[in-house]
Amino acid sequence: MSKDTHDDELPSYEDVIKEEERLQSQPPRPPRPAANLAQGHQSRPHQRPSTMPATSSSQTYAHSHSYTPTSSQPRPPPRPQQNPSLPWTYPPRFYCSKCGNTGYKLKNGRSCKSCWRRFAPQNNVVSAPTYYTNYTMPVYTNAWQGNRPLYVQPGDPRLGGVLCGECRGSGRTRFLLDEDICPLCHGVGRIITQPQRY
């Protein structure tokens, strides 16, 4: 008996084929406008338009959402936004196909080394002038007892600046089997931009 009730619930093969043919023979429905979905009309059944004259607010609503596709004129590609975390600005007519002027590759999100090599400012190795004097300075041992220097790895955020795009924070660059200090950040692992003094 359970087999008979189970067979009664399922449609036969012929019924399924007829239903598919019936659905295919019907013309496709036009897509519903997005404005109705945004206002929560999806749960209401389709209503006939009223015969009352339209008010000015409904007329402006109907005209504000009209869309006329123009496939004959392709839009120009949008100019990418300048990444505020980059320590440089791109020239006006320059476009990098790898990163789209964001400084980071579109395909994998890693830094675009060609842009970093070309536009990133190099760290200033000698940031403060050194003055040599002939006299000896007195040494105060009490001042240095509590504060020991803090050693950090290259690329540590405590150094400030932006992570170097050439070495990606390691402070070193590789070429085949050779490893050298990064020419952009000089081994710091970060690009530290300082305001220009004039």
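The backbone N, Cα and C atoms fix where each Cβ goes, glycine too.
When LYS18, LYS98 are looked up in Swiss-Prot, the one carrying the note ubiquitin cross-link is LYS18; the rest have no such note there, which does not rule it out for them. Within 10 Å of the C-beta of LYS18 (ubiquitin cross-link) there are 12 other C-beta atoms, taking all protein chains into account.
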